[in-house]
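Engineer: Here's the feature list from TrEMBL:
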type    : residues          : note
DOMAIN  : 1-105             : domain 'Ribosomal RNA adenine methylase transferase N-terminal'
BINDING : VAL1, ASP5, ASN20 : S-adenosyl-L-methionine binding site
Amino acid sequence: VIQGDVLKTDLPYFDICVANIPYQISSPLTFKLLFHQPAFRCAIIMFQREFAMRLVAQPGDNLYCRLSVNTQFYARVSHLLKVGKNNFRPPPKVDSSVVRIEPRKPRPEVNHKEWDGFIRICFIRKNKTLGSIFKQKNVLSLLEKNYKTLQALQGSQNVSLSGNDDMEIARLGDESMEMDDGMDDDMDMECDEAEGEGEVSEFKNKVISVLKEGKFEEQRASKLSQESFLTILSMFNKAGIHFS
């Protein structure tokens, strides 16, 4: 028996997790479990129904969001049953759902900070085209800063551009993936497209050319599969454009 805050406690080895949790810790607990090593076999957890539906949402669904993509990237997630509020006494204000989570084995070989930084940008406004999102001034400014930093590091120190968690590189927003509750889709961001000539314009053309090459410029994050996101991220990385 371990007494304490599950979010602050180092969990021992376990094979199965079965839990009815406080709903306000749904997101951080889910990602704590997904990053737990060694990976467990499965977890059966009851969440608030809307959160559960975000976990299992598929491309094109109204609830498909960054939470859906990130969770399903690291685990197979399936909805088991709905638990109506009238099953409890006294009844709560929300319905619940029981979800099964099975970590993918082996874990995807992608830098999770790089992946999350990329997905975060794609879902700034999930129903806008990627071309429109990646033309925004703040997005281009962030990516160009990363690009120049990595170019300088590569030139002076011959530093590897992939899998390096120690680089001090800009990210869009300061929230961690572990705290993503899926509610930040279509967040309010500066949406003006970059203007002007010179280096900014050249870098903008470089970014958009990557999307055009893969025919993703007119695609929307709300419709894209994980395979598509992985393809776009790989193309950006090959062009020297990074997100973490």
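Using the three backbone atoms N, Cα and C, a Cβ is placed for every residue, glycine included.
Note that the structure is a prediction, hence the values are computed from the model and not measured.
Help me picture where these features are in the structure shown.
Structural biologist: Summarising the environment of VAL1 (S-adenosyl-L-methionine binding site), the number of other Cβ atoms within 10 Å of its Cβ, over all protein chains shown, is 2.
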Engineer: Averaged over the domain 'Ribosomal RNA adenine methylase transferase N-terminal' (1-105), what pLDDT does the predicted model reach?
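Structural biologist: Mean per-residue confidence for the domain 'Ribosomal RNA adenine methylase transferase N-terminal' (1-105): 96 out of 100.
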Engineer: Among residues VAL1, ASP5, ASN20 annotated as binding S-adenosyl-L-methionine, what is the maximum Cα-Cα distance? Answer in Å.
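Structural biologist: Pairwise Cα check on VAL1, ASP5, ASN20 gives a maximum of 17 Å.
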Engineer: Cβ-Cβ under 8 Å from ASN20 (S-adenosyl-L-methionine binding site), same chain, 6 or more residues apart: which ones?
Structural biologist: ILE45, MET46
